[in-house]
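Novice: This is the structure I want to talk about, given as structure tokens.
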Amino acid sequence: MAKVYYNGDANEKYLQSKTVAIIGYGSQGHAHAQNLRDSGVNVIVGLRKGKSWEQAEKDGFAVYSVREATKQADIVMVLLPDEKQPNVYKEEIEPELQPGNALVFAHGFNIHFNQIVPPEHVDVFLVAPKGPGHLVRRTYTEGAGVPALIAVYQDVTGEAKQTALAYAKAIGATRAGVLETTFKEETETDLFGEQAVLCGGLTSLIKAGFETLVEAGYQPEVAYFECLHEMKLIVDLLYEGGLSWMRHSISDTAQWGDFISGPRIINDAVKAEMKKVLHDIQTGKFAKGWILENQANRPEFNAINRRENEHLIEIVGRELRSMMPFVKEKQKEVVVSSAKN
């Protein structure tokens, strides 16, 4: 079993008298910066000019160009989107890294797939909260935290692991528990979870169920409720207590249906496809395709995104959510762009 680290296992001294540069001020960036500052760490933010720069200054941070922030920092946490990191690293971060600095990531993609090759004179480690930035920030302010993974790729100073734990503690992660992993394990399992279960698997399952009911003559609105809207109720139960708690909480009829019908849907053929997905991740085939897609300015990504946003389940969903005051509408208008930020 994996070892779990808590507050008592981390020592803040590894961050004392050091400056941490947060590169990027999006979902994770704002949470890391504010949590670190509230933990007494000296934090600066590195950005390119734009709305994020203005927001970081509004939040009280000293903001610099990425290159200048790297130059001033002892620890550089790169929290830009995966596809933007290599160019920014090569042009603005790498030239300013000094011996003994720490280069830090929240996801191992670019290190593991050799899109970023760090110099030999710096520590390289990972601190990856297992939750979105707003949750990392909110739980911290409530005195709790979000679990995280740490991994060391390169330890020049002999203190990389201790610094990673200190960083994890400063953002609140050791309050919940921190697991040690490797860049390989974090990257491959994270991509697999997204593709086969949490995002790709789930959205395809929801759409297939919705389409099955609509094609059988049932009202799209009813199909939406049964296949998408109620998902939150089940996921909340799973989050609280795993599969057994969810099954304990639903009706016996639903549980019996789970037992006898679930394996018909997610069967050995599906598991075989999951293994193929994992193989594509492990061999770098997925990474190569995604890198090439970005280099070509995302033609397939954008086309699929537009098509998915026009699916009947999206149209029906927007109409139904507008009728539910207890559901905060997250998406007033779908705007398909080549990048989120």
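Using the three backbone atoms N, Cα and C, a Cβ is placed for every residue, glycine included.
I grabbed these lines from Swiss-Prot:
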type	residues	note
ACT_SITE	His107	active site
BINDING	Tyr25, Gly26, Ser27, Gln28, Arg48, Ser52, Asp82, Glu83, Lys84, Gln85, Gly133	NADP(+) binding site
BINDING	Asp190, Glu226, Glu230	Mg(2+) 2 binding site
BINDING	Asp190, Glu194	Mg(2+) 1 binding site
BINDING	Ser251	substrate binding site
DOMAIN	2-181	domain 'KARI N-terminal Rossmann'
DOMAIN	182-327	domain 'KARI C-terminal knotted'
Novice: Per-residue pLDDT averaged over the domain 'KARI N-terminal Rossmann' (2-181) comes to what?
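Specialist: Taking every residue of the domain 'KARI N-terminal Rossmann' (2-181) together, the mean pLDDT is 97.
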Novice: Among Tyr25, Gly26, Ser27, Gln28, Arg48, Ser52, Asp82, Glu83, Lys84, Gln85, Gly133, the annotated NADP(+) contacts, find the widest CA pair distance and round it to a whole Å.
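Specialist: Of all Cα pairs among the recorded NADP(+) binders, the widest measures 20 Å.
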Novice: Reported in the order helix, strand, coil, what are the DSSP residue counts of the domain 'KARI C-terminal knotted' (182-327)?
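Specialist: The composition, in the requested order, is 122 helix, 0 strand, 24 coil.
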Novice: Which of the recorded positions Ser27, Arg48, Lys84, His107, Glu194 has its Cα nearest to the Cα of Glu226 (Mg(2+) 2 binding site)?
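Specialist: With Cα distances computed to Glu226 (Mg(2+) 2 binding site), the winner among Ser27, Arg48, Lys84, His107, Glu194 is Glu194.
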Novice: At 10 angstroms around each C-beta, which of the binding-site residues Ser27, Ser251 has the fewest other C-beta atoms nearby?
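Specialist: Taking Ser27, Ser251 as the binding-site residues, the minimal 10 Å Cβ count falls on Ser251.
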Novice: Counting only other Cβ atoms and using a 10 Å cut-off, which of the recorded positions Arg48, Lys84, His107 scores lowest?
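Specialist: Looking at the recorded positions Arg48, Lys84, His107, the Cβ with the fewest others within 10 Å is that of Arg48.
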Novice: Taking 10 A as the limit, how many CB atoms besides its own sit near the CB of Asp190 (Mg(2+) 2 binding site)?
Specialist: 19
Novice: If you measure Glu194 (Mg(2+) 1 binding site) to the residue listed as 'active site' at Cα, how many Å is it?
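Specialist: Computed Cα spacing between Glu194 (Mg(2+) 1 binding site) and the residue listed as 'active site' is 13 Å.
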